[in-house]
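What follows is a set of notes on a single structure, which appears directly below.
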Amino acid sequence: MYHSKITGLGYYVPDHVVTNDDLSKIIDTNDEWIQERTGIQERRHIIPGQDTTTSMGVKAATIAIERSGVAKEDIDFVVFATLSPDYYFPGPGVLVQRDLGLRTVGALDVRNQCSGFVYALSVADQYIKTGMYKNVLVIGSEVQSTGLDMTTRGRGVSVIFGDGAGAAVLSREEDVTKGILSTHLHSEGLHAEELIVKAPGMGGRWVTDILEDKNPDDESYFPYMNGQFVFKHAVVRFAEVINEGLEANNLKVDDIDMLIPHQANLRISQFIQKKFGLKDEQVHNNVMKFGNTTAASIPIALTEAWEQGKIKSGDTVVLAAFGSGFTWASAIIKW
Ligand code: COA
């Protein structure tokens, strides 16, 4: 058995900054409401035609690969997490294989929303552990902005989300005291409809149904979120899955050097920080400037924390996520 370790990290966000004041010009909202509830000050939106989920993923991956020192020819597999693929099918994994000019390696798409990156990391980790692959490229990327209801009707959701991408190269580590120590994945489909984009779906309404109906009140193709319900579950599941990871490795809260929570909402991160008694420098948050970028949020935050020198060799790093599904997950990493 091997371990896997992160050998390269990268992120990319579009240049176009959308502040809370910008949003308040098109929908009935305001900076105070958004900051008080979520901590978000601004987020990035793509310029349509300039960036896509895949192109941002490719940009983040290019940086991660360069930093890893792994040659493109030596990437053995791609795992791509997103809820906002360029096409309904095929998924963006194969587009990354094409656009990065990789060998005809396998490419897998993961659809676990805000937990997507940790799920993707877990998948990559298993392949490396068993010895099947040596280097796996893991990407989380999202274009949320083009799918949001940018009217007052959608304000409870639309102010929260942003666009961006993050990537990691996972490579074989012979020393099993280092790298990814364990990952922990959960789901509770009972609450699938509490945070959802319902249409288009083969099981419900397809595009032709939506076009035929011409119903201006149809919200089925916009994200729906039962905000308070999601919040209540998030704080419980985050804590559970962090504790599960610590216990699995005989670690204590004191052993955490850096917690990278999925950047859903600053209030959720602060709640977790307080619950675990962590200091500010032990938790990295950037939701203030990027909003919630779903599957991209953890790799963007992880890259940023690493770039800022907040993660050093030997550190215990904890990743934790919760989101639509519901799904939740954690990863415990010895850097
Ligand atoms: N600007 C101004 N007012 C807004 C608004 C906005 N962007 N969005 C909603 N409101 C209004 C509502 O219409 C409502 O008005 P009313 O009382 O007159 O009906 C009021 O604000 C309160 O709405 P509510 O939805 O109850 O707010 P909240 O305190 O629950 O905050 C969230 C909403 C979304 C910020 C909060 O529920 C949350 O953070 N949930 C977790 C979301 C999350 O993290 N999701 C991602 C998980 S991966």
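Any Cβ shown, glycine's included, is placed from N, Cα and C.
On a predicted model such as this, the values are computed, not experimentally measured, just so you know.
What TrEMBL says about this protein:
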ACT_SITE  CYS114  active site
ACT_SITE  HIS262  active site
ACT_SITE  ASN292  active site
DOMAIN    108-189  domain 'Beta-ketoacyl-[acyl-carrier-protein] synthase III N-terminal'
DOMAIN    246-335  domain 'Beta-ketoacyl-[acyl-carrier-protein] synthase III C-terminal'
REGION    263-267  region 'ACP-binding'
By DSSP, how many residues in the domain 'Beta-ketoacyl-[acyl-carrier-protein] synthase III N-terminal' (108-189) are helix, how many strand, and how many coil?
28 helix, 31 strand, 23 coil
Give the sequence-ordered list of residues that share a chain with HIS262 (active site), lie 6 or more positions from it, and have CB atoms under 8 Å from its CB.
CYS114, SER115, SER297, ILE298, ALA320, ALA321, PHE322, GLY323
How many helix, strand and coil residues does the region 'ACP-binding' (263-267) contain under DSSP?
2 helix, 0 strand, 3 coil
List, in sequence order, the same-chain residues at least six positions removed whose CB sits under 8 Å from that of ASN292 (active site)?
ILE40, CYS114, GLN144, ILE160, PHE161, GLY162, GLN263, ALA264, ASN265
So what's the mean pLDDT when you look at the domain 'Beta-ketoacyl-[acyl-carrier-protein] synthase III N-terminal' (108-189)?
97
By DSSP, how many residues in the domain 'Beta-ketoacyl-[acyl-carrier-protein] synthase III C-terminal' (246-335) are helix, how many strand, and how many coil?
38 helix, 22 strand, 30 coil
Can you tell me how many other Cβ atoms are located within 10 Å of the Cβ belonging to CYS114 (active site)?
32
